Amino acid sequence: MSLKIEIIKDKILSDNYFVLRNITYDLTRKNGEVIRHKREVYDRGNGATILLYNREKQSVVLIRQFRVATWVNGNPDGRLIETCAGLLDNDAPEVCIRKEAIEETGFAVGEVKKLFELYMSPGGVTELVYFFIAEYTDAQRANAGGGVEDEDIDVLEIPFEQALEMIKTGEIQDGKALILLQYLQISGLMA
């Protein structure tokens, strides 16, 4: 028997930049018991992320940018080392991530490989993130990167082993980066 869900109330609390909803629903459990829940759900749309890697140089491209949510949560300068990422808006995931790669890292990558789709915070955020990797070369640099006009992004080309060490030391705290770096490690692509 699958779970039965009945929406009792769905109220929009904010529709400023993204949509924050307060949803009251009844959930009928497998044993027939009905439980009422009240949850806030943040709908920011779906996104995509990519890790660029170079086997010959044994390097990866990451970015560093200010993230207000991390600053609010105690990150002293609010800057986070991440993989290149962006919201899909109305684009297909691969189209989105190619645009983001050029805007944020400056690299116009060739073949991109979709790995998987993951919910990163399913308890309250609707976002489904599409994960990609792509090999890059210096010849693919189209511009300096750094993002669009309202972004202040540092492009970081880092030795792969150093990036893995940065996870251990806590310098990399972004879940997307951790997942993609560890994928690259276990896949053997950098061996």
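Backbone N, Cα and C define each Cβ position, glycine as well.
The feature motif 'Nudix box', as given by Swiss-Prot for the ranges 44-64, 86-106, sits at 86-106. Of the residues proposed, GLU135, GLU149, GLU151, the one Swiss-Prot records at the same Mg(2+) 2 site as GLU100, GLU104 is GLU151. LYS176 (GDP-alpha-D-mannose binding site) and GLU100 (Mg(2+) 2 binding site) have their C-alpha atoms 15 Å apart, to the nearest angstrom. Around ALA85 (Mg(2+) 1 binding site), a 10 Å sphere centred on its CB holds 22 further CB atoms from the protein chains shown. There are 16 other CB atoms within 10 A of the CB of ARG67 (GDP-alpha-D-mannose binding site), with all protein chains counted.
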